[in-house]
Amino acid sequence: MSGLLANFTGEKTAAPNLNSLRGFNVVDEIKSAVNSACKNGTLVSCADILAVAARDSVNILGGQLYDVLLGRKDSLTASLAAANADIPSPFSNFSALLSNFQSHTLALQDLVILSGAHTIGLARCTIFRSRIYNDTDINQSFATSLKNDVCPLTGGGNNTAPLDATTTMFDTVYYQGLTNQKGLLHSDQELFNGGNNQSAGLVTYYGNNRAAFWKDFGVSMIKMGNLPPASSNGQVRLNCRKVN
């Protein structure tokens, strides 16, 4: 897991993550507890800790538990270029989003499902400013509220807004927002307005079917978690912020 490394130019400073990744201290605390309990830290990787923490966070916020397969290794380095290429941009159109997912052997349904993780969290003004001032597929009252309260035309780039209306609940309000033209990110709204009928249909379906969303989210998370690493080399780090 290269996103945790402290002294590398890599995932932490990649454009989609810049000034947005949080919770590293929580991972450190979990790793310290695991190190004390399990063979001095040589058994459970930081990558596995993140995978389990993501699953448990979903459950704590109201979502459904799913199986997490373990055995990942931690990377030996981090790559800014790879992170910028592999992490979908919030400015991407639908075809670029789908191409990105397909390049990692993930399908259109995985794209729509995993984007549903945006039912929690915040985004910075600098990420959605272009959408609220330039996009046409946006609810105008929604855009006006963001312009007045959060994101002026200039300045305030680090001001934040929730990705959906119930940002501390793992629910389907994210999808309902997209059907009402209230997606905060351009890339999110593209799932409904990007010209792909299958994607738009899935957005509507999951917006009306919480149980299906919870079930399929777990399936897609397992699928993504089983993707092969970029390199066969790896280790179980003793400290998640640095290689051994």
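Glycine too: its Cβ is placed from the backbone N, Cα and C atoms.
As annotated by TrEMBL, Ca(2+) 1 binding site applies to Glu11.
Here the Cβ of Cys46 (disulfide bond) has 29 other Cβ atoms within 10 Å, regardless of which shown protein chain they belong to. Summarising the annotation, TrEMBL assigns disulfide bond to Cys46-Cys240 (among others).
Its Cβ taken as reference, Pro88 (substrate binding site) is surrounded by 18 other Cβ atoms within 10 Å in the chains shown. Annotation source TrEMBL lists substrate binding site at Pro88.
Residues or ranges marked as heme b binding site in TrEMBL: His118. In the three-state DSSP scheme, His118 (heme b binding site) is classed as helix.
Annotation source TrEMBL lists Ca(2+) 2 binding site at Thr119, Asp164, Thr167, Asp171. Asp164 (Ca(2+) 2 binding site) counts 23 other C-beta atoms within 10 Å of its own C-beta, drawing on all protein chains shown.
Taking a C-beta cut-off of under 8 Å and a sequence gap of six or more, Cys125 (disulfide bond) has these contacts in its own chain: Val150, Cys151, Gly156, Gly157, Asn158, Asn159, Thr160, Ala161. For Cys125-Cys151 (among others), the entry in TrEMBL reads disulfide bond.
Reported as a whole number, the C-alpha separation between Asp171 (Ca(2+) 2 binding site) and Pro88 (substrate binding site) equals 22 Å.
If you measure from the Cα atom of Cys240 (disulfide bond) to that of Pro88 (substrate binding site), you get 24 Å.
The shortest Cα-Cα distance between His118 (heme b binding site) and any of the recorded positions Cys46, Pro88, Asp164 is the one to Asp164. Note: the Cα of Pro88 (substrate binding site) and the Cα of Thr119 (Ca(2+) 2 binding site) are spaced 17 Å from each other.
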